[in-house]
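K.L.:
According to TrEMBL, the domain 'G-protein coupled receptors family 1 profile' annotation covers 15-299. Per TrEMBL, the feature transmembrane segment maps to 37-56, 85-107, 127-149, 161-193, 247-271, 283-302.
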Amino acid sequence: MGMMLSVASSLIISTNLLVAAALLKLLLKKCSQSWCFVLNLALADCLVGVAITGLATEDLSRNVSLADRPSNTTPSTGQDKTRCLLRMAFVISPCIASIMSMFLISLDRYAAIKIPLRYSLLSGKGTAAGALLVLWIISLTMGFMPVMVRQLQVESSYDGFCAFFSVIHNVAIVIFLSVVFFPVLAIFIYIYLDILKIASNHQKQICRVRQASSWNGDHHRQHSQHQPHHSYLRISYWSHVKALRTVAVLVGCFLVLWCPFFVVSIVHILCKSCALKAVIENHIWLLGLSNSLINPIVYAIWQREVRLQLVAMFSCITGSSLAARAAVTERGDPQPNVQTQASASRRDTLNPALLQPITNDEAHAGPQTATTSL
């Protein structure tokens with residue numbers, strides 16, 4: 001388990017840092033509210049990877065200590081339980097921030113389609129900063145609530161295995177589901193259906209414009225009248241289709257990766273005899289954490305601007321490495337420089353027969369010849 005968490009944390013941190021660097025360069029070129037939300041998503045997922053690193057280290061050290069510990073010693077203390085609570089809080093908080101960032105990305109694209117004029121007036125640095133501030137306040141409050149509220153902690157003795165259900169009470173899971181998961185899921189579905197409705201209405205308008213252009217007798221005049229409106233409808237329709245596809249990917253990944261954890265957690269709370277704790281902590285919980293690895297691939301690299309920026313970054317790195325290799329090769333092989341100096345010395349040795357006075361005709365012809373050669 002510890003080795004698996006170590007590999008997952010390294011992949012999550014590396015991919016999200018790479019995407020965050022590309023997004024930061026895009027923000028320096030052109031500040032956009034949407035890129036701020038995607039950058040916050042990458043940073044939140046990177047923090048998830050850092051928190052998983054702590055869990056992996058504790059799991060590996062626990063296996064070593066269990067192998068060396070005598071059988072008659074107590075497995076853990078209250079201090080170990082508090083440390084596990086803090087570790088789980090540092091995992092839960094960025095996970096909530098990641099889910100809320102996905103929600104802000106979907107809401108931002110939906111507002112740009114639904115109310116474009118009001119969106120252009122309301123969007124900006126202040127709106128993005130305020131939304132991100134509220135997001136992190138909610139995430140940190142929800143994540144550290146089991147640490148601050150004793151009623152949300154498990155009353156039984158801590159067995160030394162740091163996991164979600166080992167230290168956090170079932171009531172905290174119910175609160176988390178009712179405050180974060182189900183509202184976000186309901187809004188995701190509503191946004192998807194509303195964008196689908198808008199795109200279908202625009203498709204119907206495009207069909208009506210085409211029929212009106214074909215039924216009119218004066219085709220050229222009618223076509224010239226409907227052409228600007230028709231072009232606007234086509235552009236608007238394809239923008240809605242792209243937004244619909246983006247929201248569909250958001251909802252799909254969110255459902256596939258997080259729904260099993262929440263559904264099985266509800267079954268675990270309601271069915272005491274089902275013994276699903278080991279399945280949740282060893283398998284299904286890791287599926288939800290893998291969303292932090294899928295996010296930079298689906299939500300950031302899928303964007304054309306981010307792909308171009310990543311290609312530019314890799315091309316700069318490759319070009320600088322090739323230039324460094326060429327410089328090292330030139331410094332290591334001085335033979336071409338010697339030959340060049342020798343050939344230059346031979347060229348500098350002029351033939352005395354060529355040292356003749358230049359006439360006026362030759363002086364006037366010299367610049368013309370030079371210009372012709374250029």
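Cβ coordinates come from backbone N, Cα and C, glycine included.
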K.L.:
Six or more residues out from either end of the transmembrane segment (161-193), which same-chain residues have a Cβ under 8 Å from its Cβ atoms?
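P.N.:
Contacts of the transmembrane segment (161-193) (Cβ under 8 Å, skipping residues fewer than 6 from its ends): 55, 58-59, 62, 81, 83-85, 87-88, 92, 96, 99-100, 102-103, 106-107, 110, 142, 145-146, 151-155, 244, 247-248, 250-251, 254-255, 258, 262, 265-266, 268-269, 277, 280-281, 285.
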K.L.:
Take every residue in the domain 'G-protein coupled receptors family 1 profile' (15-299), average their pLDDT values, and give the whole-number result.
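P.N.:
Value for the domain 'G-protein coupled receptors family 1 profile' (15-299), mean pLDDT as a whole number: 79.
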